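> Before I ask anything, let me first share the structure, which is written out below as C-alpha cells.
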Amino acid sequence: MKLALLPWILMLLSTIPGPGFTAGAQGSCSLRCGAQDGLCSCHPTCSGLGTCCEDFLDYCLEILPSSGSMMGGKDFVVQHLKWTDPTDGVICRFKESIQTLGYVDDFYQVHCISPLLYESGYIPFTISMDNGRSFPHAGTWLAAHPYKVSESEKSQLVNETHWQYYGTSDTRGNLNLTWDTSALPTPAVTIELWGYEETGKPYSGNWTSKWSYLYPLATNIPNTGFFTFTPKPASPQYQRWKVGALRISSSRNYPGEKDVRALWTNDHALAWHLGDDFRADSVAWARAQCLAWEALEDQLPNFLTELPDCPCTLAQARADSGRFFTDYGCDIEHGSVCTYHPGAVHCVRSVQASPRYGSGQQCCYTAAGTQLLTSDSTSGSTPDRGHDWGAPPYRTPPRVPGMSHWLYDVISFYYCCLWAPECPRYMKRRPSSDCRNYRPPRLASAFGDPHFVTFDGTSFSFSGNGEYVLLETTLSDLRVQGRAQPGRMPNGTQARGTGLTAVAVQEDNSDVIEVRLAGGSRVLEVLLNQKVLSFTEQNWMDLKGMFLSVAAQDKVSIMLSSGAGLEVGVQGPFLSVSILLPEKFLTHTRGLLGTLNNNPRDDFTLRNGQVLPLNASAQQVFQFGADWAVSNTSSLFTYDSWLLVYQFVYGPKHNPNFKPLFPDETTLSPSQTEDVARLCEGDRFCILDVMSTGSSSVGNATRIAHQLHQHRLKSLQPVVSCGWLPPPANGHKEGLRYLEGSVVRFSCNNGYSLVGPESSTCQADGKWSMPTPECQPGRSYTVLLSIIFGGLAIVALISIIYMMLHRRRKSNMTMWSSQP
C-alpha cells in the first residue's frame, strides 16, 4: 500500500507552493546565502524543496529591476524585505569596495543606486542597514554593456550624427536632448558632461581607466524631458577629452556627485565641445589627430596576430555561433543598418577577446554572402585593439566594455575617416582578416526521441530514461549532460519513447548553466548556478567563463571561453541541442556524441574503452547509452523539487525498468505507412518518433530539428580561399570574391597597357591560377588605334584637298587659253 501511494506523495510534494520554509527552524541566512548546511537552507533550491530558513528572503535578496547599464545611476528596490525599524543609514556595497547610499521609502522598502562600473556581468552586493557596521544582506546586480540596455533607460541625443559632426563643414545650430521623465522623478535636473580617458603606459600595470566629471551644460532646469542648447567651445583644460557622455540627475545633488540616480546618454565623439581650432579647420585638426594616433599605434604591440581568421561566408559566420556572434551595429535580422560598413548586410564579432591583448575580430558580409575587406573598400570589417564587449577581468585598459573600444578603434576612425580624408592610414592599421586559415567547427546534435548525430557523422537513437553524458572533453574539462524523460501518448499514457527535458553545461571552473523545460511545459527555463534566471530585462549576459544569449523564447545560445558553443531550443515536446567544437578538440572528446577524430567507427566507445561496431543492434546501442549515465557526484543538474530528488538523486541515474520501443518491435498499417511517408518525407527519425509516441506533431518536430542540423552542417562545410588578390598598380580589378572558382579580371588606367593575364581564377589548392599582371607606362591599345586612325584620316583629308586644288587649277588654265 505504501509503495502504491508513493507516486501520489511525490506529486503532492512537487507541487508545494514556493518559497517554502522549514517550520520552526532556528537557523538564519544572515551572512549564509548559498549555504545548504545547518538546520535550514539558504541555497536557491530551498524554495522548491521547502527547506528555507524563515528569514531567507530577508537576507538572500531578490531585487527589481535586477539589471541596468554599467554606467550606473539605476534605482532598484529590494523585494520582500520590509524595514520598519529606525536606521542610521543604508549603505549598498558592490564587489566589497564600491559603496553607494541607499534609502528606505515611505512603504518601508529598501532601495539601492547602482554604481558606475568598468565591467559587465553579475556584480555581488551587500547591504548595511546600520550605516556600514555590518553587511548581512546579499544579492547580485547585472551590469550590462551600455548599448545592450533599453533606450528608455537612457537619455537620447536627437540626431546623434549632428552631435558627433558638430563643427565640421557647415554643421552648426542647436543640439537637442530628450529623456523619459518617469525614469527620473524629480522636479529639476542638472545636465553634466563626463569624459572618459585611459592614462599610463599601455599594457603596463599603471595603465588606468577613468570617467571624470567635466562641467555642467545646465543646472536646476525643469524636468521636462527636453533640452536644447547651442554648443560653445569648452575651456582649454577640458578639450583633452574627446569621448564622453552626458548625465542627467537631480539638481539636489552637488556637481559631479558620484553614483546618484541618473540617466546617461550613449558614449559619443565630443565634436560639439571641441575648441575654436577644430571649428576653424576641422579637417586640419582631425588630420593632426589621425597622424598622432598613427604614430602611437605604430609603437604599440601588434594585436592582429592573436585574432582568429574570419569565416569565409555569411552562412559560416552565422552558423559558427560558439566563436562569432552578431554585431549589434550591423544585424541582418534588424534591418541591416550598417552605419560604419555601408554595403554590408551583416557583421559578426569574435565572442572571446584575444588572450593577451584583449582585442576583437570583426567580419562583415554583403548580401551575396561575400566577405567585405578593407583592402577593397572602406566599408570592410575592421578588427579592434579593444574588444567592444570588453574582456575579463575587465576594469583596466584595454578591457573596459565599450569604452576601450571607443578610445582605440572608434574615435580614431572619426579622426582619419569621417572628419579627415586620411582613411588609408586607419585601414592600414585595422586591416580586415581574410579566411585562409579559418577552420569551421565540428557539429553534433541531439533531438527528438532522442536521436543523436555525432561529431564524426554517426547517427543513432537512444531512448534512455535518465541523466547522461552527452560530451566530456579532456582539453578543457568541458562537460555537457542531458536529462531524458518519457513522453506521453495522445491518450495520456506514458510513451515508450523519451526526449531531452534538460541540458546542463560547465567548462573548467565556469558557471553552470542548465536549460530545461519548465514544469513539463514547452517553456524554456534557464538556471545559473542552480538559480532560475529572468530574461525580461536582458537577453545577453556576461558570465564566468561564458556568454549567454536568449534571442527568442525558445532558443538559448551558450558561448564558452574555449570557443565551444551550445544551442538549446524547444522542438515539439522536447529539447534539441547542437554543440559546436573548434578543431582543437580533435581526439579529446567522449560520451554519447562520440569521439571526435574523423573516424566514425569508434563513436560507440564505452567508458572502459570497449568499442561497439557501427552495425550494433538497437539493444546494444541502448546498452552503450546506459553506460554513459552520470553519477550524483558528477551531475550538473539542479534538483529543486522533491520529484526530481526522488527520481534522480535517490533513484538510479539510468532507469533500468524503462523499456523503450525498439524499431523492430512494431510495424505500421498500410494507411499509417502512407500518412507517415507523406509527413516524414523519408526521414527515419521522424518515422521512429511517430511510431514510439503515436503523435504526428512529435514526428514533424523531429523532422524539422533534423533538417536544421543538416542545414547548419551544410553551412559549416570547409571553403577554399585563395586570399586577397590585389589590383595591378595603375589599374583595377573586377571581382571581390576570393573563394574557389571565383574569377578576378584586370584592366589598366588610360595611358597604361596590360602586361600579363587578363584574369585569374581561385583554384582548389588555394592558389590563384595567375599572378596579378602589370600595367606598364605607354599608350594603350585604344589610344594607339585612335592615333593610327586619326593619322589615316588626316592623310586622307590632305589627299582630298590636294586633288581638289589640282582640278581647280587645271580648269582655270583651260578657261584662260580659250579667250580671244
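The backbone N, Cα and C atoms fix where each Cβ goes, glycine too.
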> Quick one: Swiss-Prot says C722 makes a disulfide with which of C680, C686, C762?
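Recorded partner, per Swiss-Prot: C762.
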> If you follow Swiss-Prot, the disulfide involving C46 connects it to which of the following: C40, C52?
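When Swiss-Prot is consulted, C46 turns out to be bridged to C52.
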> From N159, N206, N700, pick the one Swiss-Prot annotates as N-linked glycosylation site?
N159
> Where Swiss-Prot marks N-linked glycosylation site, which residue is it, choosing among N491, N812?
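My reading of Swiss-Prot gives N491.
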> Have a look at N176, N632 and find the one that Swiss-Prot tags as N-linked glycosylation site.
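According to Swiss-Prot, the N-linked glycosylation site annotation belongs to N176.
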> Of the recorded positions C29, C42, C53, C60, N491, which one has its Cα closest to the Cα of C775 (disulfide bond)?
C60
> When DSSP states are folded down to helix, strand and coil, where does C46 (disulfide bond) land?
helix
> Grab the pLDDT values for the domain 'Sushi' (720-777) and give me their mean, rounded.
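PLDDT averaged over the stretch: 96.
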> In this structure, which of the glycosylation sites N159, N491 has the fewest other Cβ atoms within 10 Å of its Cβ?
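Among the glycosylation sites N159, N491, the sparsest Cβ neighbourhood within 10 Å belongs to N491.
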> Near the domain 'SMB' (25-64), which residues from the same chain, at least 6 beyond its ends, have a CB less than 8 A from one of its CBs?
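Tertiary neighbours of the domain 'SMB' (25-64) are 16, 18-19, 76-81, 112, 127, 136-139, 141, 529-532, 638-642, 645.
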> Quick one: which of these recorded positions, C33, C53, N176, have their CA within 10 A of C42 (disulfide bond)?
C33, C53
> What recorded positions in the list C40, C46, C52, C53, C60, N159 lie within 10 angstroms of C29 (disulfide bond), counting C-alpha atoms?
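Among C40, C46, C52, C53, C60, N159, the ones whose Cα sits within 10 Å of that of C29 (disulfide bond) are C40, C52, C53, C60.
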